[in-house]
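K.L.:
Sharing a structure here in structure tokens format.
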Amino acid sequence: MRAARQRVILCCCRHWYLVLGSIPCHWGDGGIAEGLPVPALAWGEVGGKSWSLVCGGAGGQGTLWPGLMGLCPSSLLQILSNARLFLENLIKYGILVDPIQVVSLFLKDPYSWPALCLVIVANVFAVAAFQVEKRLAVGALTEQAGLLLHVVNLATILCFPAAVALLLESITPVGSVLALMVYTILFLKLFSYRDVNLWCRERRAKAKAAPAGKKANGGAAQHPVSYPDNLTYRDLYYFLFAPTLCYELNFPRSPRIRKRFLLRRLLEMLFLTQLQVGLIQQWMVPTIQNSMKPFKDMDYSRIIERLLKLAVPNHLIWLIFFYWFFHSCMNAVAELMQFGDREFYRDWWNSESVTYFWQNWNIPVHKWCLRHFYKPMLRRGSSKWVARTGVFFASAFFHEYLVSVPLHMFRLWAFTGMMAQIPLAWIVSRFFQGNYGNAAVWLTLIIGQPVAVLMYVHDYYVLNYEAPVAGA
């Protein structure tokens, strides 16, 4: 567990090594998720296909410590350099951190909670999907009718919160983002819920049609729950709150709740939340505000200077957010629910290609895409390139959905950025190998995100502040 935490913390320092122009070191290929021993129930076999949601081993140490020795001198210089920038920021702007101001990002009116109401209403769609599955299990609905009802339900899950966010003036952009994220997760989970139950019905139909001898040799039940006994509200809501997007009839479970482990994760969540808010208010907001004039004047040298200045705090906050969400938050939820699969990320910082990065930095989404999108497309006769492009297209849609709808503007910067990963992946794999490929991946992470941030902030500023002034 300590080694896993060290690896994640060290990855937050690794990009300083890259910024100074040095070749990044490799830290080994071992898994890093903090896991618990899980039973054989972690393997689910549905529809003749085997799916494993169990994490990999906490694996080899690789060349972690030699890499660290080479990293230290560069990191020390970078830390001193950024300490000077931080002091300069304090001298120039004073202390800008105001935790109370954060509340206004979520609420315009303390007596109106539209985002929370949207989240509560999401239960209606979950119950609707459950009721459809119950009726399909007993034959009260045909498969075609069930598919139609699921499609309508899933389409409404995406359209309803978007319509509320666009039409309701009392909801804030931050509140809209959180509500839309909840509905997006619900969409992915219910999509998986429908698919797995469909595979179970197909398997049950094949078992009934099989000769008696084959039925007898089918093997004893490996799981304590079988279809349709899984169709209960308890099972549904366990899945909805579990830190996974892929449904299983039997999830791997840990034997107990480790109180000290849970307390550490909760303290990390509290501390890192405050740290992110402080860095955004103190470091990012002034830099973004000072970037508006160069954009307005189209002063390209100043724009590039502001972009590079924003890249450092933006990337640092992104790394902190990664640790906060994928390690602290998801492990805390998993511990509370005694969820045994703790592989939420792999060693994406060792990525020597863009493809490897996207396959390893967000394991729950990667498993969902592989299980419910990529492999089904291959089985329908699509080529790997078409299936991969389809996955990036879906990801681009959801990225744009989560940004454009809350901001009430459609500029397609997030969509373009995600679709650009396809040619970028080809370029990196074709012309950059080994450590050079790793450096290229880190460079796109450090520079790419600030470009998108500045583009959206600039367009939002022009649309909401300059346009009303010009009209007046």
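A Cβ is built for glycine as well, from the same backbone N, Cα and C atoms used for every other residue.
According to TrEMBL, the record shows the following:
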SIGNAL    1-21  signal peptide
TRANSMEM  113-133  transmembrane segment
TRANSMEM  145-168  transmembrane segment
TRANSMEM  174-193  transmembrane segment
TRANSMEM  266-285  transmembrane segment
TRANSMEM  385-404  transmembrane segment
ACT_SITE  HIS399  active site
TRANSMEM  410-428  transmembrane segment
TRANSMEM  440-458  transmembrane segment
K.L.:
Report the same-chain neighbours of the residue listed as 'active site': residues 6+ apart in sequence with Cβ closer than 8 Å to its Cβ, ordered by sequence.
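P.N.:
Non-local contacts for the residue listed as 'active site': ALA414, PHE415, GLY417, MET418.
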K.L.:
Should anything in the same chain at least six residues away from the transmembrane segment (145-168) have a Cβ under 8 Å from its Cβ atoms, list it; otherwise answer none.
P.N.:
114, 118, 121-122, 125, 128-129, 132-133, 135-136, 176, 179-180, 183-184, 186-187, 190-191, 194, 401, 405-406, 408
K.L.:
Give the nonlocal contacts of the transmembrane segment (113-133) in its own chain as ranges (CB under 8 Å, at least six residues past its ends).
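P.N.:
Residues 106-107, 141, 146, 149-150, 153, 156-157, 160-161, 164, 168, 170-172, 175-176, 178-179, 182-183, 186, 190, 193-194, 197, 231, 233, 236-237, 240 contact the transmembrane segment (113-133) from elsewhere in the chain.
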